[in-house]
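A.B. asks: Annotated signal peptide per Swiss-Prot: 1-20, in sequence order. As annotated by Swiss-Prot, O-linked glycosylation site applies to T80. Annotation comment: Swiss-Prot describes N88, N214, N258 as N-linked glycosylation site. Annotation comment: Swiss-Prot describes 112-131 as repeat 'LRR 1'. The repeat 'LRR 2' feature in Swiss-Prot is assigned to 132-155. What Swiss-Prot records for 156-179 is repeat 'LRR 3'. The repeat 'LRR 4' annotation in Swiss-Prot covers 180-199. Among the features that Swiss-Prot reports, repeat 'LRR 5' is placed at 200-225. Per Swiss-Prot, repeat 'LRR 6' is recorded for 226-246. Per Swiss-Prot, the feature repeat 'LRR 7' maps to 247-277.
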Amino acid sequence: MKTLQSTLLLLLLVPLIKPAPPTQQDSRIIYDYGTDNFEESIFSQDYEDKYLDGKNIKEKETVIIPNEKSLQLQKDEAITPLPPKKENDEMPTCLLCVCLSGSVYCEEVDIDAVPPLPKESAYLYARFNKIKKLTAKDFADIPNLRRLDFTGNLIEDIEDGTFSKLSLLEELSLAENQLLKLPVLPPKLTLFNAKYNKIKSRGIKANAFKKLNNLTFLYLDHNALESVPLNLPESLRVIHLQFNNIASITDDTFCKANDTSYIRDRIEEIRLEGNPIVLGKHPNSFICLKRLPIGSYF
């Protein structure tokens, strides 16, 4: 009987039983959601920390790896030899001599040849040395020369064409040397000095001075000339021929025999003293001159 009562009571209570609300499941869901966000937040923060740490490390320990082109350039720069110095770049002349604004002074330094000159040279003073010869090579690359002075050397020979490229040369002094003949002279000379040499008349070509239309001063004194050079240009003002071996002159030496009206008015001085010639025997040789030559008339 008691068993039957218990069974009936159980049947009455079963419909009233409801499942408990899924609080644990909900809280687990909420927890899971929070965990996911937390893990994502942690991951993000961790990534940013690592990125910042990595950036700091890179900034401190950055190693730049050059590309192939820059490596080759550095290699080329390292192995490319310097260009050899040119002879003129070393400027040996300016160590031995004095170079000032286009002028080179090589006086009394015992040189026996023309030294290499700076290309911009305009004036060379090489007086009182031991130079024996002048060559075309000496001035081949110095086109701006205007004055050359070789007074007091031992020059015996001047190579053909030595002055051929010196189109601007105005003054040339070869005084006090050992010359037997004259070289071909550049066309723009205004002054030529070859006194105190051993030049004879056969050492001067017939037209040596003819085309020198700017020649103003001619010094050939103290040589061995037997006659006055022919075809002297009209531009001459001063002619020094003293102390040679000149024994005679003609009516055409300074004047024009067939033109009695001809006046050579530019000549200011002719010196003929110290020669065997007696000027008084040649009166017609000076009728075109404004001043008589200096010399012996008796």
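Positions of Cβ are set from backbone N, Cα and C atoms, glycine also.
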A.B. asks: Can you tell me how far the Cα of N214 (N-linked glycosylation site) sits from the Cα of N258 (N-linked glycosylation site), in Å?
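C.D. replies: Cα-Cα distance, N214 (N-linked glycosylation site) to N258 (N-linked glycosylation site): 25 Å.
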A.B. asks: Restricting to the same chain and to residues at least six past its boundaries, which positions have a Cβ under 8 Å from a Cβ of the repeat 'LRR 7' (247-277)?
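C.D. replies: Result: 221, 226-228, 232, 234-241, 284-291, 293-296.
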A.B. asks: Counting only residues 6 or more past its boundaries, what in the same chain has a CB within less than 8 Å of a CB in the repeat 'LRR 1' (112-131)?
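C.D. replies: 87-88, 91-94, 96-97, 99, 102-106, 138-139, 141-142, 144-155.
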A.B. asks: In the structure shown, which of the glycosylation sites N214, N258 has the fewest other Cβ atoms within 10 Å?
C.D. replies: N258
A.B. asks: Limited to the repeat 'LRR 3' (156-179), I'd like the whole-number average of pLDDT.
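C.D. replies: In the predicted model, the repeat 'LRR 3' (156-179) has a mean pLDDT of 97.
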